[in-house]
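Enquirer: Per Swiss-Prot, the features are:
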type     : residues                     : note
BINDING  : 45, 67, 259                  : substrate binding site
BINDING  : 127, 128, 147, 176, 233, 258 : NAD(+) binding site
ACT_SITE : 209                          : active site
ACT_SITE : 238                          : active site
ACT_SITE : 255                          : active site, proton donor
């Protein structure tokens with residue numbers, strides 16, 4: 001049995017090698033010839049699974065993507081061909097939410113505001129958007145939710161229309177899939193018309209899919225230099241990046257918002273476990289058993305934490321400025337976008353820090369954010 005895996009999928013080689021012959025290749029450059037005699041294909045979001053890719057896949061029975069998003073896979077085609085497909089929903093939700101919080105903490109420090117005084121507008125209330133809302137609840141930060149599809153499906157949460165969210169939010173953070181059809185397409189959801197209405201004190205963050213934001217229109221909006229700010233982790237035509245847009249962004253990163261080591265381990269183990277079920281085998285993997293000890297010091301709190309403490313804790317785990325600096329330095333090099341993703345450092349989640357506190361400290365909000373808590 002041959003199993004073709006994306007070479008950038010951590011822990012995949014060691015897990016899948018127990019099931020068959022593992023072949024590791026670059027996910028972005030896969031061709032139809034690579035799938036000849038392959039039984040299973042394990043990918044990430046850079047691989048487009050379409051008719052061209054699988055035209056010679058004479059033995060393919062299983063495709064798994066170790067990502068939450070699925071827009072890179074022609075699911076109808078796979079179903080038609082009798083090829084089982086699965087994804088890893090929610091695997092990256094913690095990393096993306098922590099990315100957003102890091103961006104806002106740094107911007108707050110740079111521009112002299114408090115995120116606790118801001119209203120967040122979360123566009124897309126799936127796994128990532130819902131987890132971010134959970135984090136904001138823990139910190140008692142107000143937010144609005146927009147997700148017309150979930151609202152139509154009867155989701156009991158309180159939703160608002162997109163126009164209302166854009167008008168009333170200080171921070172607009174996007175967490176939708178990319179869709180071009182249907183009643184609520186998200187392609188260029190944030191386009192020229194929408195961008196022209198945004199206030200100069202608003203912040204836009206796209207850590208979803210690049211084409212959700214019209215990058216050309218965003219560039220024109222930022223050229224006004226009136227205080228409006230934008231953060232992009234994803235780009236409309238990635239791995240190509242508009243080099244005129246880049247200097248206008250507050251932060252820019254190469255599609256790594258959800259690239260925490262825990263999230264990648266969850267994604268890999270989820271599709272490994274799905275594949276074992278598909279094969280009717282008993283093997284199962286636990287991501288926690290794969291993770292190394294985090295090189296992050298534990299923290300002791302002897303008094304009640306405040307906003308400054310929270311800022312320091314968040315930046316101790318992940319400071320977006322590190323990735324932003326590397327991105328700006330390297331992106332002009334040919335192939336840099338994918339290389340930065342391939343060589344991405346072992347970023348950890350809040351759970352990698354253990355916070356020890358005395359009884360005088362209410363650590364519940366920090367625990368709800370994901371930090372590991374020990375009370376003495």
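The backbone N, Cα and C atoms fix where each Cβ goes, glycine too.
Could you place these features in context, so I can see how deep they sit and what lies close by?
Expert: In sequence order, 44, 45, 87, 88, 91, 92, 267 constitute the residues six or more apart from residue 67 (substrate binding site) in its chain with CB-CB distances below 8 Å.
In three-state terms derived from DSSP, residue 128 (NAD(+) binding site) belongs to a helical segment. The Cβ neighbour count for residue 128 (NAD(+) binding site), using a 10 Å radius and every protein chain shown, is 30.
In sequence order, 69, 71, 176, 177, 178, 186, 234 are the residues near residue 209 (active site), counting only same-chain partners six or more apart with C-beta under 8 A.
Classification of residue 238 (active site) by DSSP places it in coil, neither helical nor stranded. Residue 238 (active site) is surrounded by 19 other CB atoms, counting those within 10 A of its CB over all protein chains shown.
Under DSSP, residue 255 (active site, proton donor) is assigned to coil, being neither helix nor strand in the three-state scheme. Just so you know, the Cβ of residue 255 (active site, proton donor) picks up 22 other Cβ atoms within 10 Å once every protein chain is counted.
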Enquirer: Please report the Cα separation of residue 255 (active site, proton donor) and residue 128 (NAD(+) binding site) in Å, rounded to an integer.
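Expert: On Cα coordinates alone, these residues lie 15 Å apart.
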Enquirer: Under DSSP, is residue 209 (active site) part of a helix or a strand, or is it coil?
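Expert: Looking at the DSSP assignment, residue 209 (active site) belongs to neither helix nor strand, so coil.
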Enquirer: Any idea what the Cα distance is from residue 128 (NAD(+) binding site) over to residue 238 (active site), rounded to a whole Å?
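Expert: Residue 128 (NAD(+) binding site) and residue 238 (active site) have their Cα atoms 21 Å apart.
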Enquirer: When you tally the Cβ atoms that lie within 10 Å of each candidate's Cβ, which of the binding-site residues (147, 233) has the highest tally?
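Expert: Ranked by Cβ atoms within 10 Å, first place goes to 233.
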